[in-house]
Amino acid sequence: MGPVVPVEAFRSAGKISALGAKKGYVTFLAGNGDYVKGVVGLAKGLRKVKSAYPLVVAILPDVPEEHRELLRSQGCIVKEIEPIYPPANQIQFAMAYYVINYSKLRIWNFEEYSKMVYLDADIQVYENIDHLLDTPDGYFYAVMDCFCEKTWSHSRQFSIGYCQQCPNKVTWPAQMGSPPPLYFNAGMFVFEPSKTTYQTLLHTLRITPPTPFAEQDFLNMFFEPIYKPIPLVYNLVLAMLWRHPENVELEKVQVVHYCAAGSKPWRYTGQEANMDREDIKMLVKKWWDVYNDESLDFKAEDSIAGEETFSMPSFIASLPEPAVSYIPAPSAA
């Protein structure tokens, strides 16, 4: 169990942000590798769905200047951040590169924005999701993860075949105590930048032993008191297609997370497990169709204008009371 997070770290719940507040999307980029293609694809995807908000790219100092210029040429707001490292520990992360992901915590310091949607660089947006920026304040919104892949082999959930995506299939054994709290995938989430939250995150990190899923485990621990699940249409982790197909209506999915081994479109060969599936091939092609569409390249006239004039969808008017644990998705139609 992690440290107790003081309630002062969170804003008061239950209010709606002012319509004129500055909002945006944010992603994270490190190094000189090919993930920059993912960010370019994401920028073009947000333009394709006519998002009213900018894409901020939080970059580490090791991102080369040519990649920064490429991102600016695609209309991105590039903000350099300093890396954050967890306390020294002998833990083996599920993936070695996860250690650098703690640097994502810097985005809570982007106080010029009242609310943001974080998206990993291997995500693509296929429907307009701007309405997520009008959800009630005081909560952390994200999609529940799946525990069925081998990267979870270290966990109690995996050891007994339990997954929160189908909690009645294998029930949590009484002898193991209470079931674990709901756990989200940190590739996409809705959050509120705040100096107080930012400082508390950094302080809590210094006294929290690292765990295999790095910043994702940490964020789950930290935001457990205010976490609200949202439908998987906002972050389709590809393993859901073969682990829980009964939970997926692919035609309604609005955000696809290309996080399965071999699924990054810019590296795709179809050789890895499950990558020869027709639905995977279709989703990879769908990403490339956006990436290669020159009409989606940034033009000066595309500059984000007048966020104050963005109209709130009727979706917000029908939101349940903030005390509920689930925010429904609007139709993808």
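For all residues, glycine too, the Cβ spot is worked out from N, Cα and C.
Here Swiss-Prot has ASP120, ASP122 binding Mn(2+), and the candidate from HIS244, HIS257 in that same listed site is HIS257. The DSSP secondary structure for LYS104 (active site) is helix. Across the structure, ASP122 (Mn(2+) binding site) and LYS104 (active site) are spaced 15 Å apart at their Cα atoms.
Here the binding-site residues are ASP120, ASP122; the one with the fewest Cβ atoms within 10 Å of its Cβ is ASP120. The two recorded residues, LYS104 (active site) and HIS257 (Mn(2+) binding site), have Cα atoms 17 Å apart.
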